[in-house]
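Working notes, structure below.
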Amino acid sequence: MLDKHERNINYMRISLTDRCNLRCRYCMPETGVDNLTHYSILSLEEMARLVRIASELGIQKIRLTGGEPLVRRNVPQLISYIAQIPRIDDIALTTNGTLFAALAEELKTAGLNRINFSLDSLVPEKFKYITRRGDLSKVKEAIFKALELDMHPVKINMVVIRGFNDDEIIDFVELARKYPLHVRFIEFMPVGDLLFWKKDRMMPAQDIKAYIEESYVLTPQKNILGNGPARYYSLEGGEGSLGFISPMSNHFCGECNRIRLTAEGGLRGCLYDKREVNLKTALKNGSSDEEIKELFIWAIKAKPARHHMNNGWGEENKRKMYQIGG
């Protein structure tokens, strides 16, 4: 379905939960947050129904996010439900990786096609610092398990934070050189715990790329499967590729093809737009598929031309990334 800016909206991101087993400093306070109750979030069956309705409007790709999606029970069951919807041709998951290895084979059997790992440091002490409680060895195990199961493309998302992990950029490049991994460097954004956010910690994607090109030859390539916002480059002599995501310095809104569904049923056209359509209430009130479809149409038509994060969005928006879906 086309929005009013002639963008083809064919991708929906679904937050399964606002809970997480980590406490990343730029995302969530150390003490955690007041999590949603079981009764306030969508059931797996409700999520599957909404995916089916959305597919009738042209949604083809689904990504499951959180919080940490794998802290929710029965994720393979949800994936199995979604995989049976005829118009859905791609199911992906974004995870911190700490719980993935034990579930990997079950997830793939259920119908999971692709996986993205959020990983900001390869140094155990720094990883523990940024996550406040994570075990890096579990994430590494998960990444290689995904490769073993041929869940290609396997992507690693690194949020580059100047003064914290910018000295590890080359280490992440080496992962893409040695293994068939697609490493994406993401600009630091004000979308979580604003006490950790400082504008001078944001390293522009063009600076990251220029730094890498001092040591490596990069060649532009077609976008990797996933219809995401990254600009991809092959790495001379490398097994994988590099991607650069620049929401702060060079937004990609003109190509945005996604809508977002929160765990409690809020449908929004943009991560940075505070307007939401409450689908949970519609489901509770017994709305028909056609009535719910009209709510999807409204949300898609209301999708803004671009975000305004550089104009102080972070200070105004009370909803954090773990609540909306990363």
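Cβ atoms are placed via backbone N, Cα and C, with glycine included.
The shown structure was predicted, so the numbers you read here are calculated from the model rather than taken from an experiment.
Annotation comment: Swiss-Prot describes 4-227 as domain 'Radical SAM core'.
Residues annotated as GTP binding site in Swiss-Prot: Arg13, Arg63, Thr94, Lys155, Arg258, Ile259, Arg260. Secondary structure from DSSP puts Ile259 (GTP binding site) in a beta strand.
For Cys20, Cys24, Cys27, the entry in Swiss-Prot reads [4Fe-4S] cluster 1 binding site, with the evidence type sequence analysis. In the three-state DSSP classification, Cys27 ([4Fe-4S] cluster 1 binding site) falls within coil.
Per Swiss-Prot, S-adenosyl-L-methionine binding site is recorded for Tyr26, Gly67, Ser118, Met189, and the stated evidence type is sequence analysis. DSSP gives Gly67 (S-adenosyl-L-methionine binding site) a coil state; it is part of no helix or strand. For Gly67 (S-adenosyl-L-methionine binding site), other Cβ atoms within 10 Å of its Cβ number 27.
What Swiss-Prot records for Cys253, Cys256, Cys270 is [4Fe-4S] cluster 2 binding site, and it gives sequence analysis as the kind of evidence.
Comparing the binding-site residues Cys253, Ile259, Cys270 on other C-beta atoms within 10 angstroms of each C-beta gives the minimum for Cys253. Across the structure, Thr94 (GTP binding site) and Cys24 ([4Fe-4S] cluster 1 binding site) are spaced 15 Å apart at their Cα atoms. Counting Cβ atoms from all protein chains shown, Ser118 (S-adenosyl-L-methionine binding site) has 23 others lying within 10 Å of its own Cβ. If you take the CA of Arg258 (GTP binding site) and look 10 A around it, the binding-site residues you hit from Cys24, Cys27, Gly67, Ser118, Met189, Cys270 are Cys270. Under DSSP, Ser118 (S-adenosyl-L-methionine binding site) is assigned to a strand (E or B) in the three-state scheme.
Of Cys20, Cys24, Cys27, Ser118, all annotated as binding-site residues, the residue with the shortest Cα distance to Arg63 (GTP binding site) is Ser118.
Between the C-alpha atoms of Cys253 ([4Fe-4S] cluster 2 binding site) and Cys20 ([4Fe-4S] cluster 1 binding site), the distance comes to 28 Å.
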